[in-house]
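K.L.:
Sharing a structure here in structure tokens format.
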Amino acid sequence: MRYHLSALVLVFTAFRETLTAPTPGNNTIPLPNRLLHQWPNGTWVENISVRPNGNLLVTTSTPDGSVWQVKEPWKENPEVERVFNFDEWVDRLIGIGETQDDKYVVVGSRFYSTDAQSSHVARTFCAMELDFSGNTTEPSARLIAWMPESYLLQGVAALPWDRDTVLISDQYVLRPRAVQIDWTPSPGQIWVLDTRTGEYGLVMTDYAELNTTYAKGPDVGIDGIKIRDHDLFWVNQDDSGIYRVKIDDAGVPVAPVKPQLVASYNTMWDDMAFDPFNENVIWATGLNAVFAATLDGQIVPVDGVGTSDNLTLPGPTACAFGRTEKDKSILYVTGNLLTVPESLLDVKLGGW
């Protein structure tokens, strides 16, 4: 068995027939796919966002906290370049989300080492902005806010009606030290951040549906988040659930707060994307597979483990649909391998 970290972007053709009714017997499953780009060993690609021009932006956690761009990803061999290194503020990046057109919030922190399983340094998480709106080829960047009370900032989602305000998921992982010594189950939480002023605050915590329980080992709870209309959706890596809750115009859950279980599947969720054609379908990355889930609770793996092609998906971390006429039916997936065994049926994920 080899041990290294390898990062990649995969492309999946998401046929509308599959989107409409994902079922285990669908003869389009597994979906057609191809490898779009693979970074050198030692690179950890964590999250993805799609620019208005269709280019992909991906964040890296190793060897440094950078944003990379995959240009015109619908091409056979797209150009890939680093567009910004955030080393002034962080060692690693995790989440990325678009606010205004071609403006993005990224989150990250200092870490004890560049090792893939290194712990973050306590009280060093922050939110930063990457701005292409003034120059589409050479973005500017700024620090929005230090968020020292946070633990492991993860997903970023803008409020659709106020895109300068974002919600950020926070995985309470007790690892702000070089060696983990406490595996007490811990709560997850969600922050709201005004990107104009840098003001932030907690909007949701102390709910079992957000929490880390370590049911699957030293894993995290709440992970990727998305907002559609006034519904906040999230995945919980630890308890296998996809959830949603109503939020108000300030991004605060509407009382009485009772998170709704949308769907459940025995996997380790990481992130999700809304279907561009069918509001009843969510796409999500899990343990070495991509899944399609309906809001009435149906879930089916569409690529990777659980289909006839178990070797497609090594450690997927995030996914996003294309935004142009050329690729609006294409799902782009980032992935990492931390431990590379002979079979992906037992692979260990390399993402948060």
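Every residue, even glycine, has its Cβ placed from backbone N, Cα and C.
Annotations for this protein, taken from Swiss-Prot, read as follows:
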CARBOHYD  ASN26  N-linked glycosylation site
CARBOHYD  ASN41  N-linked glycosylation site
CARBOHYD  ASN47  N-linked glycosylation site
CARBOHYD  ASN135  N-linked glycosylation site
CARBOHYD  ASN211  N-linked glycosylation site
CARBOHYD  ASN310  N-linked glycosylation site
SIGNAL    1-20  signal peptide
K.L.:
Can you grab the distance from ASN41 (N-linked glycosylation site) over to ASN211 (N-linked glycosylation site)? Cα atoms, rounded to a whole Å.
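P.N.:
If we compare the Cα positions of ASN41 (N-linked glycosylation site) and ASN211 (N-linked glycosylation site), the gap is 32 Å.
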K.L.:
Just the number: how many Å between the Cα atoms of ASN211 (N-linked glycosylation site) and ASN47 (N-linked glycosylation site)?
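P.N.:
Rounded to a whole number, the Cα-Cα distance is 21 Å.
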K.L.:
Return the residue, from the listed glycosylation sites ASN41, ASN47, ASN135, ASN310, with the maximum count of other C-beta atoms within 10 angstroms of its C-beta.
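P.N.:
The largest 10 Å Cβ neighbour count belongs to ASN47.
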K.L.:
Once the chains shown are all counted, how many other Cβ atoms turn up within 10 Å of the Cβ of ASN211 (N-linked glycosylation site)?
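P.N.:
Cβ-Cβ neighbours of ASN211 (N-linked glycosylation site) within 10 Å number 22.
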K.L.:
How big is the Cα-to-Cα gap, in Å, between ASN310 (N-linked glycosylation site) and ASN47 (N-linked glycosylation site)?
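P.N.:
Cα to Cα, ASN310 (N-linked glycosylation site) and ASN47 (N-linked glycosylation site) are separated by 23 Å.
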K.L.:
I need the CA-to-CA distance for ASN47 (N-linked glycosylation site) versus ASN135 (N-linked glycosylation site), whole Å please.
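P.N.:
About 23 Å separate the Cα atoms of these two residues.
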K.L.:
Hey, does DSSP put ASN211 (N-linked glycosylation site) in a helix, a strand, or just coil?
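P.N.:
Assignment for ASN211 (N-linked glycosylation site) reads coil.
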